[in-house]
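> Here it is, the structure in full.
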Amino acid sequence: MISATRRPTLAVVGATGAVGTVMLRILSQRADVWGEIRLVASPRSAGRKLVVRGEEVEVLALSEEVFDGVDVAMFDVPDEVAAHWAPVAAARGVVVVDNSGAFRMDPDVPLVVPEVNGHKVRNRPRGIVANPNCTTLSMIVALGALHAEYGLRELVVSSYQAVSGAGRAGVETLRQQIALVAGTELGTHPGDVRRAVGDNTGPFPEPVALNVVPWAGSLREDGWSSEEMKVRDESRKILGLPRLPVAVTCVRVPVVTTHSLTVHARFQDEVTVDGAREIIATAPGVVLFDNPAAGEFPTPADVVGTDPTWVGRVRRALDDPTALELFVCGDNLRKGAALNTAQIAELLAAELSHGEGR
Ligand SMILES: NC(=O)c1ccc[n+]([C@@H]2O[C@H](COP(=O)([O-])OP(=O)(O)OC[C@H]3O[C@@H](n4cnc5c(N)ncnc54)[C@H](OP(=O)(O)O)[C@@H]3O)[C@@H](O)[C@H]2O)c1
């Protein structure tokens, strides 16, 4: 329990990364519920100064001691780092909000999207709350609202994923590749883009500039990618539909930040476009932007840097009156990562300030 006069202490672990950088911006923009904010990264970054809430704060190297006196820690680090260090922090009494994939499917770790299942944050036997993957998060707030009204029965999804989903390395790779192909006539003969880019494909298996790559993550059984399995498993867990049929194809596109998805969602009963539009337009955290006659539909170029899930191209399926087709865009570093983590942490801060334990 925190005394009425003390605001909770927050640690941001991975403060120097792609998600961490956006996290510091979000912490500077949102209503400030925190006392001290401690910034943590690898020993490579120790001593660097980063700005949060308008003040320079020195980055500390990750160690057991950095968690002394911390109430809530956000982890924005690779899976293996979170897998080791989140339980270390939790054992020292810290409530961890983890952005990695290390704990999301652990039955003793809630997987939380505040607009959809925020109440789950209170039941955390391991002292860890997981933040979903960015691709799932980019659509799930809108889907959760439609599911609450219509009862979801099946999901068919294709993603168009930004390179920042692969962290700083993904962004640097696209920028370097764009420089290599700029002003050329590449993209007219087989293999010409690949030759121009050479070995410089970074975290991607193929050039991403002037290209689309039907792959994200690592190889899983029967040709599925890890990213595709995450979208299926995490959507099921968040929506509380453990047997929901989900078909996903994840594709990387040359966009810096903001994931897009086409969604075919089938429901229990017949749906109407007007009804769906109303649900989308009134759901918290969702914006309906859907007027093709006026050229209005969401695109990453307009959505990047914003908080909500943007939904356009709302149609009833041509051959199935129980299904809807949607095009959804969400900033993968804001709602897709840092913002959702910040929202979860704020729920925890409110709970801890009201004197309820871990
Ligand atoms: N990018 C997205 O859209 C997205 C969305 C949702 C979730 N996530 C997840 O969020 C996590 C961070 O992703 P990111 O894209 O921000 O990655 P990133 O840009 O590569 O940043 C990684 C961060 O982790 C720190 N780090 C690495 N190894 C460390 C170690 N041994 N000890 C302490 N700190 C260490 C780095 O610190 P240094 O700078 O000191 O190396 C850096 O701050 C990942 O688990 C990722 O899967 C990412």
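Cβ from N, Cα, C; glycine included.
From a predicted model like this one, the values you see are computed outputs, not experimental measurements.
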> TrEMBL records T16, G17, A18, V19, R44, S45, S164, G165 as NADP(+)-binding residues. Which of N332, N340 is assigned to the same site?
N332
> For R252 (substrate binding site), just give me the three-state DSSP call.
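DSSP call for R252 (substrate binding site): strand.
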> Just to verify a number: CA distance, S164 (NADP(+) binding site) to R252 (substrate binding site), in angstrom, no decimals.
10
> Taking a cut-off of under 6 Å between Cβ and any atom of ligand 1, tell me which of the binding-site residues T16, R104, Q161, R252, N332 pass.
T16, N332
> Which of the recorded positions C134, Q161, R252 has its Cα closest in space to the Cα of R44 (NADP(+) binding site)?
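Result: the closest of the recorded positions to R44 (NADP(+) binding site) is C134.
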> What is the biggest Cα to Cα gap, in Å, among T16, G17, A18, V19, R44, S45, S164, G165, N332, the residues listed as binding NADP(+)?
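Value for the max Cα separation, rounded to a whole number: 26 Å.
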